[in-house]
Amino acid sequence: SLTGVFPSGLIETKVSAAKITENYQFDSRIRLNSIGFIPNHSKKATIAANCSTFYVVKEDGTIVYTGTATSMFDNDTKETVYIADFSSVNEEGTYYLAVPGVGKSVNFKIAMNVYEDAFKTAMLGMYLLRCGTSVSATYNGIHYSHGPCHTNDAYLDYINGQHTKKDSTKGWHDAGDYNKYVVNAGITVGSMFLAWEHFKDQLEPVALEIPEKNNSIPDFLDELKYEIDWILTMQYPDGSGRVAHKVSTRNFGGFIMPENEHDERFFVPWSSAATADFVAMTAMAARIFRPYDPQYAEKCINAAKVSYEFLKNNPANVFANQSGFSTGEYATVSDADDRLWAAAEMWETLGDEEYLRDFENRAAQFSKKIEADFDWDNVANLGMFTYLLSERPGKNPALVQSIKDSLLSTADSIVRTSQNHGYGRTLGTTYYWGCNGTVVRQTMILQVANKISPNNDYVNAALDAISHVFGRNYYNRSYVTGLGINPPMNPHDRRSGADGIWEPWPGYLVGGGWPGPKDWVDIQDSYQTNEIAINWNAALIYALAGFVNYNSPQNEVLYGDVNDDGKVNSTDLTLLKRYVLKAVSTLPSSKAEKNADVNRDGRVNSSDVTILSRYLIRVIEKLPI
């Protein structure tokens, strides 16, 4: 066997062709990502039992890796746990962890495409939430369907005092209930459109089982269009640009199938937050659909302009009058974040200086540019990301720098939080209703940071967040229906409770435990911990999108990473200077030589030193040039 030093901390490791001889039994104290892992990235398990040695074992019993687990006290769950790090196992296959004196884990895969099915299942979940139509799908041999629902959406009584109807069909049911809320659509659509813009080449070829699968629009965007079609109906019929806050029954309905809910549904009066979120969503839709359906794009941007103009002339934060309704309020404390996001998306789509100035003036009012913890009630991050990654000219360099600094500081903080948590939870010890959604939403911060300043720590922390919701948690359970180890069976979801089928509808992330890590209960009545929601699912979709049709960085050139450690920093500049001055004769690898050629002229010389130094002080925004 081969013996060596594992880089994360002088631990002896062995690679051996020996076979497991002991009969290990499954033990739920060995907690890991039951979906699996990507080659050349972090792979960790948490063992809630006293142990030392662990083995990574192939399905046929061959031991491919022997390691020593390291102990730590988890301040969150208040238990001593042992971390098994097997990141150096990269051969594709199916494995399990065997821990002497404890037992074995669930089987898991190591593969480049390990998240493809999970991504498609989360997208299937969105399709199955469609309102105003019938839906039908077979998953794991079980058929899920319902008939056309809510085809009378919606009445205008609370808008104009008349019991008349304006079409507001389509869109997704929001959560465990069947209502439709513009403000929660904001973070949902924004997250999914950003997934498209950040990972377009990876998502464009993905085939989904949806009715529109044979048209000329990518399937991922087809699903989003179904929601935008509804969003467009939410403008007031008077042409003012005001946007209704939601379409809803007066009270929450019972646990019945959607086609059996016949209570009248109404447009609920406008709010400034809903109007601003409408602007942002339709502005994004305009630029994203333009290559595929220019007429639709034009419809979207024209609607966005009308509502933006209204907001400009009506600067006050206006809350929706929801006095006739007991359904979800989605009432934001402030609309400053919504208006900032609207300005960013209008500028990115149209390029007019008016929108740029609006965004920059608003962004200057935010003392913290990037928040680690964000959801429907704080969408400022979405606008900051769009502005920061925009290739349009005219940005304020000082503001760009301020947002970058905040982004990288926040991303670094998330990495530290994950590394110091016994289960790699990126949100640390913070818990509230729907916190699982935030855990996977934080991958957005990490991925944008990785675009601005490539760092494998950011990518691995994003994978930690995914691992947490698929089994590396206190329960050793997946938090996503239909996926992974022992997933939720009783979500707070009216379809799952009313259809007479034992298995819940698939592809939904449940909210997770609160007020603490041990407070999740898998029962239908626990809306506090076991509800589903489009904003949480969209966050999961973003998290998984980054690793669909993924190319391992092992094979990619990371310009500026002269020492080939997966990061670009001052250490690389020092090595590059020494190499150019011939103080060292070689770079660590052939990949490092490619990484060092930051101007791509086929040579490594003083020009590369100059460019890399300017990049590190952020005079240059991107490598290579």
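Placement of Cβ uses the backbone N, Cα and C atoms for every residue, glycine included.
Residues or ranges marked as active site, nucleophile in Swiss-Prot (evidence: sequence analysis): Asp177. A 10 Å cutoff on Cβ-Cβ distances gives Asp177 (active site, nucleophile) a total of 22 other Cβ atoms nearby, all chains included.
Annotated active site per Swiss-Prot: His492 (among others), in sequence order. Taking the Cβ of His492 (active site) as centre and 10 Å as the limit, one finds 24 other Cβ atoms among all the protein chains shown.
Summarising the annotation, Swiss-Prot assigns active site to Asp522 (among others). Within 10 Å of the C-beta of Asp522 (active site) there are 18 other C-beta atoms, taking all protein chains into account.
In the structure as shown, the Cβ atom of Glu531 (active site, proton donor) sits within 10 Å of 20 other Cβ atoms. The active site, proton donor feature in Swiss-Prot is assigned to Glu531.
Annotated domain 'Dockerin' per Swiss-Prot: 555-625, in sequence order, evidence recorded as sequence analysis.
Sequence annotations record features per position, and here Swiss-Prot assigns signal peptide to 1-17.
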Residue among active-site residues Asp177, His492, Asp522 with Cα closest to the Cα of Glu531 (active site, proton donor):
His492
Reported as an integer number of Å, what is the Cα distance between Asp177 (active site, nucleophile) and His492 (active site)?
9
For His492 (active site) and Asp522 (active site), determine the Cα separation and express it in whole Å.
9
Averaged over the domain 'Dockerin' (555-625), what pLDDT does the prediction give?
87
For Asp177 (active site, nucleophile), the three-state class that DSSP assigns:
coil
